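Engineer: I'd like to ask you about the structure that follows.
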Amino acid sequence: MHELEVLLSRLKMEHLSYHVESLLEQAAKKELNYREFLCMALQQEWNGRHQRGMESRLKQARLPWVKTLEQFDFTFQPGIDRKVVRELAGLAFVERSENVILLGPPGVGKTHLAIALGVKAVDAGHRVLFMPLDRLIATLMKAKQENRLERQLQQLSYARVLILDEIGYLPMNREEASLFFRLLNRRYEKASIILTSNKGFADWGEMFGDHVLATAILDRLLHHSTTLNIKGESYRLKEKRKAGVLTKNTTPISDDEMVKSGQHQ
């Protein structure tokens, strides 16, 4: 190993060490001066570290898949204010510890937008965690039963952005709703939540099994927040119609009906 590679390794500049020979060749061909070469070399190291950090944060985020805002079909959901989405993509809401609430029926793109904003936050260096509500509640209930609730709440507070998906698909009892409130209260004005729900705010009292508690939950969520109410057709139904599985006159069973009939998985 050459002395230069040894020094770079000692400085823990692994990416630069790996590419240094090719960078030296480029510098010679382009006749770069010392400052230009140094900038190019440091940029190479930064790019490598950024990519490695993003891959690590994406893994820790537990996203079910990676979606971007560039992949979102705004033409299919023209009711969404693109200006608001662009502002959210700037992540000022994260810096201000504000929340984003995405409402709408199943399949309109709520989770896609939530994940895309999460990916933006990961790219910016923030710690993100994605959890469907049922998994969150199960995690909190187990922690409470094992007398480690405070520690679990603290662990969930480490995420700069917490994405809570599928609020409203299944009702909660009062104990579960109370645990949910404790989490919101812990994060209030300290870290951001991105939340998706198929229920309008008027239905949250029934959903949480306690209208007073639902009011307190909404108070914490809405105090500093941006709400997008998405009204439109389901992307999934559109694809099924394109494939000929459904006709335009077909009325598919809704997720709420599936829950009531016991068919929801």
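Yeah, the Cβs are placed from backbone N, Cα and C, and that goes for glycine too.
Quick paste from Swiss-Prot:
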BINDING   G104, P105, P106, G107, V108, G109, K110, T111  ATP binding site
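Walk me through where these features lie, including what they touch and how far apart they are.
Structural biologist: G109 (ATP binding site) has a Cβ environment of 23 other Cβ atoms inside 10 Å. Taken residue by residue with DSSP, G109 (ATP binding site) is part of neither helix nor strand, so it is coil.
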